[in-house]
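Participant: Please see the structure below; I have some questions.
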C-alpha cells in the first residue's frame, strides 16, 4: 500500500509538470534572422519585429549577438528615446547570446550601449501583457435557403402531358464558412517543450522504480 501511494504521488508530480509544459512560455529570438545588431533599416526594423509578436509575462527574449561586439541594457523610456545609459535598470549584459525573462506586464526598453549603435537603431521596446489576449469569437454566415420549385399542373389527360416537368436545380450562393481571424506570422522562436519532455521521462523512470 505504501509503494502504491508513492507511485501515485510521483505521477501527481508528473501531471503537474505536464500542465506547466502545456502552458510553457515562448522564447522570442529578437529580430529573428536579423539578430541583435545594428539594423540596416534603422530603428524601424525592431519596431516592426516587436509589433508582429505578442509578449506575455514569463516569455523570454533571446538576444543573439557576439560577445564584445554588442551588449544589452534595460533602461527607462526617457533613456531609450535619448539612447542614454545614465539610468540603467540592472547591469549591462556584455556576453551573448543571452536570455532575458519578461517578468512584469509593462513596456520594456532595451538598448545597445556600444558606440553609436543605439542611435543607429539598435534598440528595442516590447509591450508585455499579463495573459494572452483573447481572440474575439467569429460568426459564420448561414448558407442561403434555396427556393423550392413548383411542379406545373398537367394540362391534358394524356400520359405525356401528365408527366411532371423535371425541376431545375436551385441556384444558391455557396455557403460561407466561418471567418478566419488574421493570425500573425509564426515567430522564429523555440519552445522549452523538449526540456519538459526530458523531465517527464526522468520522473516516469523514477515512478517505475517505485512500482517494481
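Every residue gets a Cβ built from N, Cα and C, even glycine.
Just so it is clear, the model here is predicted, and its values are computed rather than measured.
Residues annotated as signal peptide in TrEMBL: 1-24. As annotated by TrEMBL, domain 'Phytocyanin' applies to 26-130. Positions annotated as compositional bias 'Low complexity' by TrEMBL: 128-138, 152-171. Here TrEMBL flags 128-190 as region 'Disordered'. Sequence annotations record features per position, and here TrEMBL assigns compositional bias 'Pro residues' to 139-151, 172-188. The transmembrane segment annotation in TrEMBL covers 193-211.
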Participant: Averaged over the whole of the domain 'Phytocyanin' (26-130), what is the pLDDT?
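Facilitator: Averaging the confidence scores along the domain 'Phytocyanin' (26-130) gives 96.
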Participant: Please list the DSSP helix, strand and coil residue counts for the domain 'Phytocyanin' (26-130).
Facilitator: 17 helix, 37 strand, 51 coil
